[in-house]
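The structure under discussion appears below in the form of structure tokens.
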Amino acid sequence: MAGSYTKKEIGAGPEEQTLLKDSSGIRIVPAKGSEPVRLSPGWEGTGRPDDELNFKGVTMDQADLEINPPRDRLNLVFSILVLHGIGVLMPWNMFITAKDYFVNYKLSKEYIEIESNYSTNFLSYLGFASQIPNLLFNWLNIFIKIRGNLTTRIAWGIFVQILIFLFTVVLAMMDTSQWPGIFFWITMISVIILNIANGIYQNSVFGMAAKLPGKYTGAVILGSNISGTFTAVINLISQIMAPNARTAAIYYFITALFILLACFDTYFALPLNRFYRYHELLHQKELNKRQLENSTRGKKEELPYWKIVSQCSSQLFNIFIVFFVTLALFPSVQSDIKRSSAEFIIPLDFYVSIMCFLTFNVTAMIGSSIASMVQWPSEKYLVIPNVLRIFYIPLFLFCNYYPAETKRYLPVFINNDWAYLIIGITMGVSHGYLSSISMMYCPRMVEPQYASIAVIISWGY
């Protein structure tokens, strides 16, 4: 029996939904298997090789990232790199700021009940144990490519630091009064291992930031500037809240563990972020392009390291002289300057924590912030204020400086707490400002293609 029927419009089913669109909403790749691939002019006009235009070796996710470049929503990636900047300088800041725990408690005459030089020499040994391994591995990483991918270096770098801080917390809980020498050398060995791991981690973090736009390297530097202030504040809070130096040290070093664990977790969260994946893809494509060019020429491109060092040598000297003066005074000299007046506003128990550690770190952070807005003087004349900072050395020695178990022969010319505070503020601000602009000027002294290498060299210097 013949029957009538009504023509029915069939809408696009799920199988016809677009898998990939460009930013204007034009379909690039249809999902329907029977329909031939039709590429939009926007995709063809990107100038990619034929293999890429036909999606050979390109996943849908990668194609989508390139057609619709993502943004760093809520500055999430920027914030993660600030956190890693804090973690990068955490070991150095944690140990030097804990002077009260090591010198006035664990190695003090009252605790170990014998005369020793361990407390007197602690900060000097700590400086060598921290800076030399860190500097060595920074420079090795510049000139010799350390094997292992970025994930392996960062993960193991953070993991070893976590283990060392756990070990430090255990030592804080133990009674070490009967073996001060063993405690001293165990601490120094642990600091050396800590800074070897940190040197690898530090360079790897800058390598991670180098894949992203320039401001993300600035995020790491910003974090490293915040690190000192953060550590000084945590140290002060621990002293106020804890009933004794031992408990304060336990709270203090456990805080470092939380920061490093946060760095560990956020690093593995980065690949889940579309903005980070996009820039990682661009970086990988650039590497592949260079490898192809090198194989076509038949020789491997060698970076002219000594040429780069030579071209930015004036700024490297500026960086050296800034840190030479600062590390000659902070924390070894400043932490031994005593309170001049009993009526001074800062209590005696917190005098060193505030006048030395907190003041320097806060003012150095302020100086770095000023450098991001104003850069003066020019590259040519920057050496003048840097060299003039050498006068801070006698200036601090003329304050009420009384190192433990050492007789003072120089007269005290600056016997005023407010005057010492002003000198400390200017020293901190000048350090933060001059070190920052010296590092900013460094990549400007070389050809643009070598700017990133100049940044790494200046940081390692």
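For all residues, glycine too, the Cβ spot is worked out from N, Cα and C.
What TrEMBL records for 1-10 is compositional bias 'Basic and acidic residues'.
The annotation region 'Disordered' is assigned in TrEMBL to 1-25.
The transmembrane segment annotation in TrEMBL covers 76-96 (among others).
Through the fold, the transmembrane segment (122-142) approaches residues 91-92, 95-96, 99, 102-103, 107, 184, 188, 191-192, 195-196, 198-200, 202-203, 305, 327, 331-332, 335, 453, 456-457, 459-460 of its own chain, all at least 6 residues removed from its boundaries and within a Cβ separation under 8 Å. Annotation source TrEMBL lists transmembrane segment at 122-142 (among others).
According to TrEMBL, the feature transmembrane segment maps to 154-173 (among others). When Cβ-Cβ distances below 8 Å are used as the criterion, the transmembrane segment (154-173) is approached by residues 87, 90-91, 94, 101, 183, 186-187, 190, 193-194, 196-198, 200-201, 204-205, 208, 246, 249-250, 253-254, 256-257, 260-261, 263-264, 267-268 of the same chain, each at least six residues removed from its ends.
Listed by sequence, the residues of this chain that lie at least six past the ends of the transmembrane segment (179-197) yet keep a Cβ under 8 A from its Cβ atoms are 91-92, 95, 102, 106-107, 112, 114, 116, 118, 122, 125-126, 129-131, 133-134, 137, 156-158, 160-161, 164-165, 167-168, 171. Taken from TrEMBL, the feature transmembrane segment covers 179-197 (among others).
The transmembrane segment annotation in TrEMBL covers 218-237 (among others). With a threshold of 8 Å between CB atoms, the same-chain residues lying at least 6 positions outside the transmembrane segment (218-237) that come near it are 78-79, 81-90, 93-94, 97-98, 205-206, 209, 252, 255, 350, 353-354, 357-358, 360-362, 364-365, 368-369, 372, 432, 436, 439.
Residues or ranges marked as transmembrane segment in TrEMBL: 249-270 (among others). Same-chain neighbours of the transmembrane segment (249-270): 77, 80, 83-84, 86-87, 90-91, 94, 98, 101, 105, 151, 154-155, 158-159, 161-162, 165-166, 168-169, 172-173, 208, 234-235, 238, 241-242, 276, counting only residues six or more beyond its ends whose CB sits under 8 Å from a CB of the stretch.
Under the heading transmembrane segment, TrEMBL lists 308-330 (among others).
The transmembrane segment annotation in TrEMBL covers 350-374 (among others). Counting residues 6+ beyond its ends, the transmembrane segment (350-374) has Cβ neighbours under 8 Å at 93, 96-97, 99-100, 218, 221-222, 225-226, 228-229, 231-233, 235-236, 239-240, 330-331, 334-335, 337-339, 344, 417, 420-421, 424-425, 427-437, 440 in the same chain.
Residues or ranges marked as transmembrane segment by TrEMBL: 381-398 (among others).
For 418-442 (among others), the entry in TrEMBL reads transmembrane segment.
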Which of 76-96, 308-330, 418-442 shares the most C-beta pairs under 8 angstroms with the transmembrane segment (381-398)?
308-330
Under 8 Å between C-beta atoms and at least six residues away from its ends: which parts of the chain pack against the transmembrane segment (308-330)?
127, 131, 356, 360, 379, 382-383, 386-387, 389-390, 392-393, 396, 427, 431, 434-435, 438-439, 441-443, 445-446, 450, 453-454, 457-458, 461
